[in-house]
Structures are given as structure tokens and as C-alpha cells.
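All remarks here apply to the structure that follows.
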Protein chains: 2
Amino acid sequence: MPTPHPPHDAAPLAERLRAQGLRLTSQRQRVLAAVAGLEHATPEAIATRLREEAGPDGAAPDTSTVYRTLELLERLGLVWHTHLGKGAPVYHAAEHPHLHVVCAGCGAISSVDPALLDSAAERLAAELGFSLDVGHVALSGTCRACRDRVGTEP
Amino acid sequence: MPTPHPPHDAAPLAERLRAQGLRLTSQRQRVLAAVAGLEHATPEAIATRLREEAGPDGAAPDTSTVYRTLELLERLGLVWHTHLGKGAPVYHAAEHPHLHVVCAGCGAISSVDPALLDSAAERLAAELGFSLDVGHVALSGTCRACRDRVGTEP
DNA sequence: CTTACTGCAAACACTTTGCAAAGTA
DNA sequence: TACTTTGCAAAGTGTTTGCAGTAAG
């Protein structure tokens, strides 16, 4: 079983930055750690978490830095993001990609095995030459609870 | 083969509005017609189109009216929208729902048969009690052209 | 020391809301 | 007339950008 909250091993970050002549900064380390420690983290949520961690006196990375850093980390392959529908995208630590399923009624998010779309991906590849990126968007629908609720509360 | 630009039969609109004690206005007719006449229309694109149709002197519906109207038309089942990723959602006339596939590289949009996800939908229903709304989000990936371009222009 | 990075503030894109005037039934 | 809609203007999110000062290598 995977470690719940990996204390974020910073090594890959330092390496990949160095490989491109980029610099290791505390902001970059902190943003990466925040993404790793949160689930389905929006940029806003990440910024908030960083402010909490910094405390009332400490300085947290600026919002614009959070955005810029997320973009960078994604280019480096350390994080990825998914659009859950409307609103802000959510970021994940790179590890095991997964597919999201969101309830349009209550917003509940489930993670499912990306293999769910394997056959669809194969058909798209064969018929359109299109290679599916399973993780980048979430599937939308209605969860059992919301479906049961129909008719119960008009 | 389907009619290219159906001249938008307004009957269903009038009926459904009346059925709910709502009113038929020219704005509502115009917004519906614009959605029917455009493909993958964002609210902004719809507003622009309406401005063009109104001409330099005529009055086009206000942006806020466009948003309110799209929401209404969707409740009435006359249009539906899809999130293509980041940015504004796109609206479609209700008719035949379809699934969108977007290239992350060039933004090209393909429409595919929703049946593509039938087996995935069945598994989600069986395993999670989740009913998939196939049209609400687009699948993301890379189209053949963008894939071929990799390595050609670094 | 050189050049990348950050914080700040302002601008942007997309939507929503309150309210008085206008329009439909 | 009674009640729904609209337009306008302003406020709300979510995100990006220009730039001068700060800091990593």
C-alpha cells in the first residue's frame, strides 16, 4: 500500500530543475509539497494551505507564484491537473494517474481506474489517430445518492 | 443527412415556456437561434453573433441576458453545454447529443459517437451506482497532426 | 556577479447579481 | 394590471502579466 502523505522527496525536483538550468527555491519546494499533501487541490486551495503553513508572520508564496510554479511543475512532470467541470482545475502529485468521476449534483469526486477507458482509447486511436489523455478531464454524471434524492426533495 | 442550419423551429420554445408560466421574448428566440446556428458556441461567441445580427444600430441582448437565457434554455431541455477544458463552456442545440474529443495541442474538436463510452458507463453504473452523463465533459488528448508534429518542430 | 525568480499591483477573462425600467400575457 | 424579463452597472471568481527588487548558483 502506498504511503498516505509521502513527506515529499525533494530530490526529483532539484534534479529536474538543475537539468534545465533552473533554480531550486523554497517556493517551488513548498508548492510541490502542498500539492502532494492535498487531494484535488485547486490553485486557490494550495495558496491557502501555504498561507496556513507560513503562519501569521511568515511569508507565503504569492498567488501568481503559485500559478507560475504549478505550470512549471507540470512541465517537469511532477504534477498534473484535471478539469472537474466548471471552476478551477485541480492538481495532483504525479505518481499514479487516475480518472475522476464527478457528480453534477453534489460535486462528490470519485477516483476510478483509468483502465475504464482503455477500450474507448483504443477505438479513438484506431479510428481517429487520437491518443487519449485519460486523466485530463473528469467524467460527469450523477452519483447514487443524488439519483436517489430525486423525487424525495422536489 | 441532417439539415446544415435548421431555421430553428421556435414552436418547442414557446410551448415549454408557456407550460411554466414563462414568457416568450425576442431575446430568448434569438439566443436559441444563435446556438442552433453555431457550433461549439461559447456564451461570448453567442453574444458576438447576436450583435452582428442586430447590426450597428439594432440592440442585441445584453451579455447577462445571454447567460441567463442559456441557463433557462438548458433547464427547458433545448440546449446543453459541455466543458472542453479550461475556458468557457460551449453550447449546443439539444437534438442529438454527442461526445467531444479535444486536442490539447491545437484545440481541434471532434465529435464522436457517445456509444464510445457505453461500456464505461455500464461499469460505472454497476460498480458505483453512478450514472454517466456522456456529453457534459470532453475527452482530452492529442490529435494525429499534433502527435506527428512532435520531433518535427522542437 | 549573472540571470532566474518572486512579489506586487494592475489588467484580464468569464460570470453573476441587484435593481429600476420595459415588455409580455 | 400583474408579474416576468431585460439592460445596466457593479461586484465576483479565477488567472495572467509587467516590472523592479531579491536571491540562487
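Using the three backbone atoms N, Cα and C, a Cβ is placed for every residue, glycine included.
Bear in mind that the values here come from a model prediction, so they are computed numbers and not experimental data.
Features reported for this protein in TrEMBL:
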type    : residues                               : note
BINDING : B:CYS103, B:CYS106, B:CYS143, B:CYS146 : Zn(2+) binding site
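Listed in sequence order, B:ILE109, B:GLY141, B:THR142, B:CYS143, B:ALA145, B:CYS146 are the same-chain residues at least 6 apart in sequence whose CB falls under 8 Å from the CB of B:CYS103 (Zn(2+) binding site).
The most densely surrounded of the binding-site residues B:CYS106, B:CYS146, judged by C-beta neighbours within 10 angstroms, is B:CYS146.
What surrounds the Zn(2+) site, by Cβ distance within 8 Å of the Cβ centroid and not counting B:CYS103, B:CYS106, B:CYS143, B:CYS146, is the set B:ALA104, B:GLY105, B:GLY107, B:ALA108, B:THR142, B:ARG144, B:ALA145, B:ARG147 from the same chain. In the shown protein chains, 23 other C-beta atoms lie within 10 A of the C-beta of B:CYS143 (Zn(2+) binding site).
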